[in-house]
């Protein structure tokens, strides 16, 4: 009996111990479920897998590209054996000045935003099933490297037909562009609406980063239907209308009909407001009549703005939410953590918590302030660089040369110039991203130093490290300040004298003695000046890192700056291959070959006027109106002929003498 009772007691004790043992893990999930940490966004499982979306879009893009190829006839690659066969359409006419620029800008913005969305995604190519799921040890992550490299080629090919629909200039192409843009926009909107949150980086990062992508696709989904309606309404009249109002003719009209500046404008005194306005006009790009930025520069501006948004968004959502979570989770245990490092902020633990939260808030303010300052400076540098682009292009159009040292000044295209022209827009985007990141680091360190070494100690009256350092080293700084002040005062009052209105040296013995005696002190001053020089150089280079029109190296070493070297070759390529004067001349030649219409509107051009170039001199100038038609013809002839013959930038368009040529262009 006693043994059974003891056994029952033992079994009951074991049961109690097991119950108490299980109670230790009462917070563990039951049934093998995993407990999600607080604040972690679960992965979204869409109803339709993204692989199906991308497969359909890829097939649709290939079909659209095939249909566009049927509309384009191949004439350049094999003119003898392949004439009239379908050819691959061009996505963007980069060297054509009269094509719409909004479509390439929107497509490039969509492409760059899609590449930025590759950062948080797990599947770079969603329509391909990866070999192995991601593991905890990161082995599967390394296997995704080749797929990410392949994604850099997949997305340009995916959006290739979307851009090519605008270059074909056909109603069917506009219809295909409308369908393709609607498909892309519908897929993106459906995905963002079904899964607005993502567990990577920040829960709304994918949604915020896709805003430029949605904006570009939304514009394309409206632009293509509008062009389709216009093609049905106007027909082929739109092409001739665009040809008559071409940029090249406007450029020549502005160039050959410049009004003389009034002499009073140079002698009148400008006030402060007018001087400020002139400085604003020279610092900020304002569109001017008769000049249009090349398409490559327009794309660079669009991608720079998109890069500023994407990098700023990544820097913001990658750091600020983490700081806010840390500040919200501060408890009294932080006092023990700081005491372990020998830091005692206060005897009251609650006061320590408030101080730590206040310092974390100051850290967040410094970070956001540095980010705002970096974005503003990058944007201002972008706007100011457009003025430099316009000045350099106008100089090259007039036949000038850029002073960049030993680089060749030949206007003809070369292998290096073509490579630089191809990579200019991509380089500009990369320089902007890296420049914004470097500025953020430098400005954050600067604001952090000012906040925690100057403002916060003075506000709380404790941890005055900077003031203690200045208190202990004031003789050193006072000596340097007195040395600089006394040398400047002596140079002005003792060693400089004016004779007959001309300054000259005096008291040379005292000057030599002071120079010898103050040499050790000047070494210390030079050390401080060298540190200040390094700081200024770092700030200047960080601010101007995103600008390719400026060299970060001296003029003699400008060829070693790859960004500036690429920019100069890009300008030469643009000036030699898309010169407005040569384009206008070719347009006039093509126009004279057309049959003369029966009825010419008032704004139209007669055949004789086209041959003589009189339409380039249609101006409201009274002097030009008072002159006879022969005088206008002479000015047009000499102006255009002199530009075509004596402008070095147009040498690339010249051909050798034709054998057996006859006057007036007749061929035997």
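Glycine too: its Cβ is placed from the backbone N, Cα and C atoms.
Topology note: residue 98 and residue 501 share a membrane side (same topological domain name in Swiss-Prot). Check Swiss-Prot against the ranges 31-51, 52-72, 73-93 and you find transmembrane segment recorded for 52-72.
Among the residue ranges 276-296, 297-317, 318-338, the one that Swiss-Prot annotates as transmembrane segment is 297-317. Contact count against the transmembrane segment (207-227) (Cβ pairs under 8 Å) is highest for 297-317, out of 146-166, 297-317, 369-389, 424-444, 475-495. Of the candidate ranges 52-72, 146-166, 369-389, 424-444, 424-444 contributes the most Cβ pairs within a distance under 8 Å of the transmembrane segment (297-317). The largest share of C-beta pairs under 8 angstroms with the transmembrane segment (424-444) comes from 369-389, of the ranges 52-72, 102-122, 369-389. Note on the topological domain 'Extracellular' (318-368): DSSP counts are 39 helix, 0 strand, 12 coil. Beyond the ends of the topological domain 'Cytoplasmic' (496-510), by six or more residues, the same chain brings no residue to a C-beta distance below 8 angstroms of the stretch.
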